[in-house]
Amino acid sequence: MTSSPSASPLQHHNHNHILSHNSSPSKTKLHSSLINGQETENGQEERQNPKRIKLSESTENLSHEAPMETELNQKIEPQIIAANNNVANQNPSANGNSASMSASNSSNSANRPTDNDDHPEIDEALYSRQLYVLGHEAMRRMQTSNILISGMGGLGVEIAKNVVLGGVKSVTIHDTENVTYEDLSTQFFLHENDIGKNRAVTTQSLLAELNTYVPVNVLDAKPLSVEHLKSFQVVVLTSSSTEEQLVFGKFCHENDIKFIVAETRGIFGQIFCDFGEKFEVVDVDGEQPLSAMISCITNDPQGIVTTLDEQRHGFEDGMYVTFSEVKGMSEVNEKEFQIKVYGPYTFGIGDTTSFGKYIRGGYVHQVKKPKIMKFKPIEEAVKAPETLISDFTKMEDSNTIHVAFHATYAFMKKHSRLPRPWCQQDSDEFISLARELNDADYKFELNDYVLRLFSSTLRGQISPMHAVIGGTAAQEIMKACSGKFTPIYQYFYFDCREILPEKPFESLNTSECLIEDNNEELRRYKAQIAVLGQKFQRKMGKSKYFIVGAGALGCEYLKNFAMMGMCTKAENGKLIITDMDTIEKSNLNRQFLFRSRDVRQSKSTVASAAALKMNPHINIEAQTNRVGPDTEHVYNDEFFESLDGVCNALDNIDARIYVDRRCVYYHKPLIESGTLGTKGNVQVVKPFLTESYSSTQDPPEKSIPICTLKNFPNAIEHTLQWARDTFEGVFTNPAAAALEYIRNPSVYIDRIMKLQGSQPLEELSHVYNAIVQDRPNSFEDCVKWARLHWQESYHNSIEQLLYNFPRDQLTSSGLPFWSGPKRCPHSLNFSTENPSHVEYVFTGANLKAEMYGIPQVRDRSQVVELVKKISVAEFRPKQGIKIHVNDSEAQNAMSSGSVDKDKLDDMISRLKSVSDLDQIKMSAIEFEKDDDTNLHMDFIVACSNLRAENYDITPADRHKSKLIAGRIIPAIATTTSLIVGLDCIELYKLIQGHDKIELFKSSFVNLALPFFGPAEPAPPKKSKYYENEFSLWDRFEVKGDMTLKEFIDYFKEKHSLEITMLSQGVVMLYSFFMDKKKLAERLNMSMSKVVETVSKKPIPSHVNALVLELCCNDTEGEDLEVPYVKYILPARK
């Protein structure tokens, strides 16, 4: 094991990936200019979570298609009760026809609570992360929508899984086919003992477990008829012929039923959407409306609006905006304007010559407009397909793939079977049929190579393709139900041909890719083998991989690994997954391997058990360790060197960077990905071929200035951050500091005294207040504290601020002080009749009581009575109080402010005089946003909205407050499914051993727009010393044990490099300017002895090599940039 990467005093950019431990606020690398539909200053989307941002069922039994054609228009007894005007108000299974429909969870639907408007009540604890993607109104629309999904192969179940998790009113599944071994490669709810059973019936109960609010019904295993469709708002076909698509599509279009076709054939997938003649998109992109502060509006024909130059306004030509709080030119307030953008800080609203003169202030807000889309019925769209491009390097192939899908049905009709895998004879005939079809109906220019790939793989199925197409199609269903986000118009084609061998027609053949049902070892993978062959299947089984994280991404990884046959016992493969977290209720909405019974259990343990049920042949080990410097004795040299690769499924940047650095050091491939709502990214890292995850970093996340938070807020985000800081400053940090003092007073004081400026006195005062001044003895004391804290926060401090800076204050330049981003506040007067005032005291008092182990009082009326007894002194502003106007003033005061030594000594003396430290009961309250009973969010909401009232800022409801104060990352199952599908497509390529960078894809997606942006990964940056080129993947490897002198001489003689400085971690081992006596001592020491002497600690026993960094001169005495050194220690006893 190497020593842990850490910050180095030598800043050489080329190996900062190994030696520095920089934190990064974000690593999304989402191309927001395309993903958001607007360009940001740096062309990147900033976000809190992760870096940068499929298809068909079994084909053996398609001989049933022919008889289905004769039954398409057969009039049969409707099996689902028809909905009134296509808006179902009943459970479709409630028609009493038990012979035609089986249902699960219908009682849950019937008992679902409703709000005052008779809408189903939304379980915010379950749907919290999804709500931040879709919003309450979209969720309510979804909860009135009944969905039919026909075809329960791998693609159908993937779509159904995501839709059930999403929370629609009901899902009905249908399938005429029985389970075969082909299904086991992709249908994760089917097992070998299900062979011969109906796919829909077998799948129903497991789908129903995903969400108790969504009934899952099964339509009889009869051919689908138009009569079946009447009760649904959305109909999805996942295994259908061209004739079926035309008949059902026509019926749906005529009856205003949203119609989706989703299908996969081998390495190709398609989606078709028809949402009717007048489909309203209520929110085209899901982005929050833009807003900006105004600095000027001109009186001229253009009406040029200039915004403050703190940040770009982000508006685009044609957008609509409204204004508020504009002084002088009041005519613009609350009026809507369409704008023309002139620059990043200017735009025009048209003629303002008749308006009053702009004086100051004001805000501009984007008005998002709904969009009406007209869809063509499939019978028209199929003839001239309009296609959403999934990969601009393949855009010319879309028409070829379009024809290929329809040629599949022509081949099937002619032969009652599908083309055999990698069979030249069948491919030749398939191409001939495709050309005949094209000549008759399309007249496109076709690509024979693509047609041959299509026919050679179409009998097969691969799980990652189902994840990509299934995740995307499920999002289209949600769009159809809710009107939220822009739908696909109208065709979407996707392929992953790069997963094949570079010369597929030489490497693969029919015998290699066909598996008989009596092959017990490989038969469950026969659909995947039809695409990639038996040898590749065994190679996947032999793989040894490490998945870091068992949350949403981790669950999807495990599903795909199980279906793909990764890391199997028979091939001595091994999959290790670790996650130290336990399952929470909010996880259940998107981490689909977990159920309500699993709450509070280990994520990795439960997820691994679920994956083993999907495929008992995988060899998986669940761990609960954190991956970081403190576990390097676990994840050591032996561990990493045994791996074939690593998959990150993490939710924070620091952990991602750490794992990336370990992979760079051990030369291991890494697949990195992340999601943010409908946005997602995938980055594949291959040693020596691509850059690493840490090679690029997003710009720092913009922080709120301290003075803005303390005195000059102008947005609800400011008041919420202030509330969060207040919570931690009152209920968390003082108790934590006091407990540290109580454990060892002298050690704590020694540490605090090393702080600069006024900080020691401030910190010690906080401790004194916590254990003496503000320490309550009863709940009455807690109420008194909360009432006085309210008074100080919302009345006294504001009065003092206005005393220092009166409303008519002018700046040195003669401009109003209270203008621009500075909103003039007003103080509040407490009233027990005001619910928000009472809420603050109620929550604050109870949290204070919890902090000191005092029994709480949850009766608000009792708290009100206690408040009425409290006398509050009248406040008079004080002279001489300094209020900082900007952060530089505040920082200077904090770091360089003079401290009265007598006051400091007095504070220390008072602390030491406290005699009952051992009797103090206290606990630091850690903020927890997802527990609705702990009063944390109740306090935050009250605290923030009272502050907003001070400054006339629009308050935020609990939902929005939780998002901002809780720093929640919006998430939805559809994006997670899609992204991990793309991850696993890159995994295929790594296992194939591809060494051409153009075969790999780093992808950026946004399902809301929708946008797909695969891109070639960036190669590693190259540097050079002498004629030796190197990148982050290169290093010097030196075997010890050498003395320091021998080490220096080795580089001079072997590499013509004169070492001028040498460091290990943060420790300087050698420099040319060292004291001669100290240098003489070290030169004859062994390298390991030098490290231990200088660092003053032994090298841990698990460390087998040291990472050393060099500064060197060449033979001419010029500085050179060189790789780092892996210094391999001699064997130790």
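Each Cβ is built from the backbone N, Cα and C atoms, and glycine gets one as well.
Annotated by TrEMBL as coiled coil, the relevant range among 228-255, 452-479, 508-535, 1096-1123 is 508-535. Beyond its flanks by at least six residues, the coiled coil (508-535) meets 58, 181-186, 192, 266-267, 420-423, 456-457, 459-463, 499-501, 563-565, 570, 615, 617, 988 of its own chain at Cβ-Cβ distances under 8 Å. Cβ neighbours of Cys707 (active site, glycyl thioester intermediate) (same chain, under 8 Å, six or more residues apart in sequence): His884, Val885, Asn886, Asp887, Glu889, Ala890. Note: the domain 'Ubiquitin-activating enzyme E1 C-terminal' (1000-1125) comprises 29 helix, 46 strand, 51 coil (DSSP; helix = H, G, I, strand = E, B).
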